[in-house]
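Peer 1: What Swiss-Prot records for this protein is below:
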- 10-207: domain 'tr-type G' (DOMAIN)
- 19-26: region 'G1' (REGION)
- 19-26, 81-85, 136-139: GTP binding site (BINDING)
- Thr26: Mg(2+) binding site (BINDING)
- 60-64: region 'G2' (REGION)
- 81-84: region 'G3' (REGION)
- 136-139: region 'G4' (REGION)
Amino acid sequence: MAKEKFERSKPHVNVGTIGHVDHGKTTLTAALTRVCSEVWGGQAVAFDGIDNAPEEKARGITIATSHVEYESPIRHYAHVDCPGHADYVKNMITGAAQMDGAILVCSAADGPMPQTREHILLARQVGVPYIVVFLNKADMVDDEELLELVEMEVRDLLSQYEFPGDDTPIIVGSALLALEGKDDNGMGTSAVKKLVETLDAYIPEPERAIDKPFLMPIEDVFSISGRGTVVTGRVERGIVRVGEEVEIVGIKDTTKTTCTGVEMFRKLLDEGRAGENVGVLLRGTKRDDVERGQVLAKPGTITPHTVFESEVYVLSKDEGGRHTPFFKGYRPQFYFRTTDVTGACELPEGVEMVMPGDNVKMKVSLIAPIAMEEGLRFAIREGGRTVGAGVVAKIFE
C-alpha cells in the first residue's frame, strides 16, 4: 500500500502520557500508534523506539522525551512520552512540550501511586487543561468491584486537584493486549480505539496563536526622527493592525497608544501576525516611555502583577545550575520573555532549603510588575546564568 501523504488539513492537537512509573505509559504510547495505523493509517512505532528517548536541551535543561504522532479520522495528534519521572517534571515546568490534554495512565492492579498524584498536581500547576484516564492492565484484575474502586480513587484524586473528577472519561483496558494486536473482552485494540475517540470528543480543538488577543514582548526601542518611536519584537499571538489601539504593559504604569505603522524587513505592512518579527510604530509615545521587558497588547487583555505562586525546577549541578542549595529569602532574577526582574522567594511551610535538581512550589514577590497570566514560563537567573525554570501557577496581586 502506498504511503499516504501527511494531511495538513486536519487540526493538530498536542497530548502526552502521564502517570506512575511502570503503569504502562510507554506501552500505551506504542499501542496508540499501532492501533491508529491499522484503523486509520499512519506509522506504527515499536515500544523500543519510544523507550530509548533521545535527550534534548530546552533552556539548558536536559530532558529525555519521545515524540510520536498518530491520526484519528478528524485530527492529527503529536504525543510526548518521557522515560523517567524527573523528565516529566522538567518537561511540564519548562513547557518544552505544551499539552492540550494529557492521558493519565493508571494501573488497575495497583491503583493510584505517588507519581500519579504528583503528575496530576503538576498538570494543574502548569495549566494542562484536560485529562483523560486510561485504566491499564485491567486484564490482570478479575474482580469487577476492585476495578470500580480504583476508578473511584482516580476520580477523587482528580477532584482534589480541581479537575472534574466525576465527568472525566475513564477507559478501561490493556495497552499490552492492544500492542500485541489482541482484543480479549474488548480490553485491547477496542479500548485503545475508544481512547482515541474519547480524545477527539473530550479535548476541544486548541485555539491557534493567531486567533488569540494580540501580544508582543518588546525587545528593542528606537526613535526615528520625524516618525516617532518604534518598538520591535516577535509577535507572540494575535494580530496587530495599523490604526488599532494598543496597551504598553509591565514595569511602569500601563499606558495606551495607537499603532500607526507596522514594518518588517524595512517594508511597511498593514498588520503584524503571530510568529513574525516586526517593528511597531507608536503614536505620541516618547522613546523613554517604553523599555525592553514591557509588552504591547490588545487593551484589557493582560495586566501587570508582582506576587504569584509558581512551580519551579531547580537545575542540577550537571545542568550548569547551582552547586549548593538555596534557603528562604533567596533573591535571584526572574527572566520573563525579554528581561530580568529581581524577586524574593518564599518557600512552602516545612521546606527549609531547596537542592539543585529539586522541584518546588514557591511564592515570588517581584520588585517591578510584569505583564503576566497563569501558565507564563520564566527562567531563574543569577548574574545571567540560568539556575532554574518555572511557570506561573496562580497570581495573587
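Here the Cβ of each residue, glycine as well, is placed from N, Cα and C on the backbone.
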Peer 1: Using a cut-off of under 8 Å between C-beta atoms, tell me which stretch among 19-26, 60-64, 81-84 contacts the region 'G4' (136-139) the most.
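Peer 2: Comparing 19-26, 60-64, 81-84 against the region 'G4' (136-139), the winner is 19-26.
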Peer 1: Check Asp22 (GTP binding site) against DSSP and tell me helix, strand or coil, would you?
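Peer 2: For Asp22 (GTP binding site) - judged by DSSP and reduced to three states - the answer is coil.
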Peer 1: If you measure Gly19 (GTP binding site) to the residue listed as 'Mg(2+) binding site' at Cα, how many Å is it?
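Peer 2: That separation, Cα to Cα, works out to 10 Å.
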Peer 1: Over the span of the domain 'tr-type G' (10-207), how high is the average pLDDT in this prediction?
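Peer 2: Here the mean pLDDT over the domain 'tr-type G' (10-207) amounts to 94.
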Peer 1: How long is the line from the C-alpha of Cys82 (GTP binding site) to the C-alpha of Thr26 (Mg(2+) binding site), rounded to the nearest angstrom?
Peer 2: 8
Peer 1: What count of other C-beta atoms do you get within 10 angstroms of the C-beta of His85 (GTP binding site), across all chains shown?
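Peer 2: Its Cβ shell of radius 10 Å holds 14 other Cβ atoms.
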Peer 1: Mind checking how the region 'G4' (136-139) divides into helix, strand and coil residues in DSSP?
Peer 2: 2 helix, 1 strand, 1 coil
